[in-house]
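Trainee: Quick paste from Swiss-Prot:
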ACT_SITE  CYS181  active site, thioimide intermediate
ACT_SITE  ASP188  active site, proton donor
BINDING   VAL80, GLU81, SER82, HIS220, GLU221  substrate binding site
BINDING   SER82, LYS83, ARG249, GLY250  NADPH binding site
Amino acid sequence: MNPEHSPLGKTTVYANQYDASLLFPIPRAGAREQIGIGAPLPFFGTDIWNAYELSWLNARGKPQVAIATFYVPAESPNIVESKSFKLYLGSFAQTAFESIDAVRDALKRDVSAACGASVTVRLATPAEFRKLQMDELDGLSLDRLDLDADVYETDPSFLTASHDEAPVEETLVTDLLKSNCPVTGQPDWGSVQIHYVGAPIDHAGLLRYIISFRNHTGFHEQCVERIFIDILRACKPVKLAVYARYTRRGGLDINPFRTNYNQPMPDNARTARQ
């Protein structure tokens, strides 16, 4: 399905009775082909979705609430368009479920079917809300650099590495990622963490590269994969991981993670801007 056929940017009737058909899958393959990503994938990882506006009725008609987290594997053939995800979650509002396990089972079944792969679902109840963490991405901030920038369309030529120097292991972060929804043009704001092992990457060039996404259009997952593949091609690190945390829209935040080496799943800690 093409994004143009999704609910994005269209007048919407909000359903309040459970309806799995509201989920709108979008194949990953098209955007990957545009940047030369084929099989086998040069990375693995996950897309972490946090849903803050989930509510349903219990068997006695009393409203229940939870925060849902979805872990969508990067190798799944589809992503889910975010407005359709919001509408789908909203359809739970006036539907009675026997238990929270029944809600979780429905979410896992439906989102897995839309994505074409097994999706992990976790639900945090109000009793657990105080345990939820807020933290910033670890790493050396690129935003400390005082530099000029005037390129706002993606330009990987900014990416360079010093291959005549000894390899390093670095974790770099920036809060200056901004891209735009390819359907509505709405801005998407994000923070990015880049961990690599290899020839030292020029920090100023890397920051200018991230800034060059400012007028770029692409879904969150596609932008992170473009960042990953551009750094991999231009700088040739032995190990590379890219993790972005985007600010919330419509009660959802999307946090894609891509890596080419085995490591633990990144923390799902909400940043201050989220």
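Quick reminder: no glycine exception, Cβ is built from N, Cα and C everywhere.
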Trainee: Near the residue listed as 'active site, proton donor', meaning Cα within 10 Å, which of GLU81, SER82, CYS181, HIS220, GLU221, ARG249 (recorded positions)?
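Mentor: For the residue listed as 'active site, proton donor', the recorded positions whose Cα atoms are within 10 Å come to CYS181, HIS220, ARG249.
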Trainee: So for ARG249 (NADPH binding site), how many other CB atoms are inside 10 Å of its CB?
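Mentor: A count of 16.
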Trainee: Near GLY250 (NADPH binding site) in space, meaning Cα within 10 angstroms, which of the recorded positions do we find among VAL80, GLU81, SER82, CYS181, HIS220?
Mentor: SER82
Trainee: Please report the Cα separation of GLU221 (substrate binding site) and the residue listed as 'active site, thioimide intermediate' in Å, rounded to an integer.
Mentor: 11
Trainee: Excluding VAL80, GLU81, SER82, HIS220, GLU221, please set out which residues of the same chain place their CB within 8 Å of the center of the CB atoms of the substrate site, keeping sequence order.
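Mentor: Counting only non-site residues, the set is ILE26, ASP47, ILE79, PHE85, PHE219, ILE254.
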Trainee: Using only C-alpha positions, which one of VAL80, SER82, HIS220 is spatially nearest ARG249 (NADPH binding site)? These are the binding-site residues in the record.
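Mentor: The smallest Cα gap between ARG249 (NADPH binding site) and any of the binding-site residues is with SER82.
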Trainee: Could you measure the widest C-alpha to C-alpha distance across VAL80, GLU81, SER82, HIS220, GLU221, the residues recorded as binding substrate, and give it to a whole number of angstrom?
Mentor: 11
Trainee: How many Å lie between the Cα of CYS181 (active site, thioimide intermediate) and the Cα of LYS83 (NADPH binding site)?
Mentor: 11
Trainee: Rounded to a whole angstrom, what is the largest C-alpha distance between any two of the residues SER82, LYS83, ARG249, GLY250 that the record assigns to NADPH?
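Mentor: So the maximum pairwise Cα distance among the NADPH binders is 9 Å.
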Trainee: For the residue listed as 'active site, proton donor', name the DSSP secondary structure in the helix/strand/coil scheme.
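Mentor: Strand, per DSSP.
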Trainee: Under a three-state reduction of DSSP output, how is LYS83 (NADPH binding site) classified: helix, strand, or coil?
Mentor: helix
